[in-house]
Ligand code: BG6
């Protein structure tokens with residue numbers, strides 16, 4: 001049975017047509033405890049722990065919420081709580097409030113141990129049991145694995161053996177895992193098998209933090225709440241789609257994670273494939289999680305790499321260059337990378353979506369480090385008008401119409417179209433802009449706030465299920481194999497927009513990349 005069907009029959013969610021709750025009201029998590037594995041790692045320190053405080057500060061956590069750290073450090077509850085205090089002070093989005101902190105600090109516990117230490121997991125079970133009794137956390141436990149995937153099997157097994165994976169008497173147990181979900185299709189299947197042998201799929205929450213971004217969720221609002229866009233959202237009008245996630249940062253110090261992984265596995269397999277799915281999918285029957293997943297799975301099943309791969313893909317590695325007025329080193333001179341590393345820091349692929357809506361429309365996906373600037377956007381580039389009743393020179397400067405969803409920074413939507421230049425009939429491109437900052441007073445919450453709250457509420461819409469993850473690998477695997485067999489990535493100068501092969505990839509089809 002597919003996960004979507006499992007979810008439909010699990011009885012965990014109400015029928016959306018009968019659920020009359022006012023969805024505008026804030027949703028507050030019920031009693032629970034969250035255990036963080038890898039609490040000393042960067043992710044937990046900079047994202048997970050600060051987001052928990054921000055949720056508490058926004059009044060979205062119950063007063064008895066409890067936070068348990070698990071790790072090898074020689075800490076007691078107080079030392080852990082001091083550490084959390086510092087992280088909250090340094091990285092939280094919302095202002096520090098003593099009364100909120102005092103309440104959170106009361107629920108901080110630390111269990112010292114390694115992942116292969118059965119006794120430590122027995123102590124974890126005791127700690128949770130005591131929290132249930134003393135603070136009324138109700139046996140509801142979330143396990144956040146902010147650890148390398150190679151440790152997932154050991155931790156899942158320990159949780160199982162300690163009796164922590166199985167809920168009792170109406171309580172819940174959920175596991176949160178972070179990408180990378182494997183490094184190819186086979187390893188992803190293996191990983192899913194291991195995790196699912198301990199936690200049923202509806203208790204597994206895979207974090208793809210792009211899905212927690214407001215602008216990414218707005219793709220659905222834009223597409224399905226308006227009449228304006230749908231008629232042109234197809235191959236009759238769209239020439240091609242460009243999905244770009246560019247970063248200006250380099251990788252110094254991240255070699256341990258990134259070397260041997262590369263841009264395609266780090267970003268395309270997850271964030272960019274999810275953006276593609278939301279852009280290309282059909283309208284779901286409702287926003288019930290299973291309906292949304294059904295549509296995403298459907299469209300991902302129709303995606304494949306365009307060939308031949310030497311022409312439709314590009315792979316690059318940054319060399320030294322100038323960025324923001326500063327001279328920066330190339331990847332091979334970055335701390336933590338081997339001098340002969342063939343890891344790509346830039347990747348671009350061409351995808352075909354074999355559906356009635358998209359047949360013949362290429363989707364170009366690219367991502368890279370040390371590019372011109374930090375920007376993530378989805379651009380639908382439209383076909384030319386079939387006829388231009390102007391003197392040819394009047395439209396020399398006219399580009400293709402484009403609808404650009406600006407995911408970050410400067411979140412919003414841009415519509416590019418031709419307009420008359422005052423005083424002549426010359427037509428040039430102009431932009432019509434919607435900006436979140438200008439339209440709404442509310443500040444957007446961090447992606448991790450939204451996602452952690454959804455875990456605690458058992459709301460799975462924004463978490464890719466195992467089938468989506470595997471389909472994304474299935475699409476990408478041939479490119480990874482091809483690159484592995486065909487030598488080194490092409491160098492590009494830091495601060496530019498990628499290697500020459502990426503420009504060539506589009507130029508040979510008569511198109512060009514946008515310069516965001
Ligand atoms: C992570 C990648 O998933 O996303 C990083 O592993 C990348 O390499 C990061 O830098 C970017 O996230 P954001 O939210 O800053 O765009």
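Backbone N, Cα and C define each Cβ position, glycine as well.
Residues or ranges marked as region 'Disordered' by TrEMBL: 1-20.
Positions annotated as domain 'Glucose-6-phosphate dehydrogenase NAD-binding' by TrEMBL: 35-218.
Feature annotation from TrEMBL assigns NADP(+) binding site to 72, 179. Cβ contacts within 10 Å of residue 179 (NADP(+) binding site), excluding its own Cβ and spanning all protein chains shown: 18.
Its own atom aside, the Cβ of residue 247 (substrate binding site) has 18 Cβ atoms within 10 angstroms in the protein chains shown. When secondary structure is read from DSSP and collapsed to three states, residue 247 (substrate binding site) falls in the coil class. As annotated by TrEMBL, substrate binding site applies to 209, 213, 247, 266, 369.
Per TrEMBL, domain 'Glucose-6-phosphate dehydrogenase C-terminal' is recorded for 220-514.
Annotation note: residue 271 (active site, proton acceptor) sits in a helical segment as assigned by DSSP. Neighbours of residue 271 (active site, proton acceptor), defined as other CB atoms within 10 A of its CB across all chains, total 23. Annotated active site, proton acceptor per TrEMBL: 271, in sequence order.
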Of 72, 209, 369 (the binding-site residues), the residue whose Cβ has the fewest other Cβ atoms within 10 Å: 72
Neighbourhood of ligand 1 - binding-site residues from 72, 213, 266, 369 with Cβ under 6 Å: 266
Sequence-distant neighbours of residue 213 (substrate binding site) in its chain (C-beta under 8 A, six or more apart): 407, 408, 444, 447
Diameter of the substrate binding set by C-alpha atoms, the set being 209, 213, 247, 266, 369, in angstrom: 20
Residue 179 (NADP(+) binding site) versus residue 271 (active site, proton acceptor) - Cα distance in angstrom: 10
